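Before any comments, here is the structure.
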């Protein structure tokens, strides 16, 4: 966290099964100054997920009430479940100097880029569709029909990677984490993100 600058906002998207969540978790655990925006969702919690940590789990009625209040920076219906990013939560973290990670799908990413053109888009790619299919099957949480739907959707999502600023191939977790960190550090060093420090330096020269 920096006292001199507003935090960057990083949009990290990927097709389901690419390892996005694992990568983001490693980045948060191993590096300072980063916070993840905890999304709201109407889907049931998976084993090991905690409310307020992995997601804010809410009912469909609660979610639709928040939509009516314009509380979301973006939201989407994904396979019958709502997912949304709180505008207030993101703004508070960025204002405090944290770099904020939005772990969202390509539909939500487009909404955020329209609202926040300065946000940095990062797309995580699988090394191949065979590896992606194996990862989805290995999770053991989805039926064969759902897996086929996810693979079909993955092709469309990967086509949308052209709309992002950076792409990272997740073939090796450690290398992919390092690639993500390089992107984060490069964005932190942009002159436009150091204006507060420069002004303070000149004022006290």
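For all residues, glycine too, the Cβ spot is worked out from N, Cα and C.
Swiss-Prot lists 14, 15, 16, 17, 18, 19, 20, 21 with the feature ATP binding site, giving sequence analysis as the kind of evidence. Taken from Swiss-Prot, the feature domain 'Guanylate kinase-like' applies to 7-185.
Listed in sequence order, the residues 124, 126, 135, 170 complete the 8 Å Cβ shell around the ATP site centroid, once 14, 15, 16, 17, 18, 19, 20, 21 themselves are left out. Residue environment of residue 15 (ATP binding site) contains 25 other Cβ atoms, counted within 10 Å of its Cβ in all protein chains. Fewest other C-beta atoms within 10 Å: among the binding-site residues 16, 18, 21, that description fits 21. Counting only same-chain residues six or more apart in sequence, the Cβ atoms lying under 8 angstroms from the Cβ of residue 20 (ATP binding site) belong to 12, 13, 14, 103, 124, 170. According to DSSP, residue 16 (ATP binding site) is assigned to coil rather than to any helix or strand.
Across the domain 'Guanylate kinase-like' (7-185), the model assigns an average pLDDT of 92. Cβ neighbour count for residue 17 (ATP binding site): 21 (other Cβ atoms within 10 Å of its Cβ, all protein chains included).
Around the Cβ of residue 19 (ATP binding site), the number of neighbouring Cβ atoms within 10 Å comes to 18. When other Cβ atoms within 10 Å of the Cβ of residue 14 (ATP binding site) are tallied across all protein chains shown, the result is 28.
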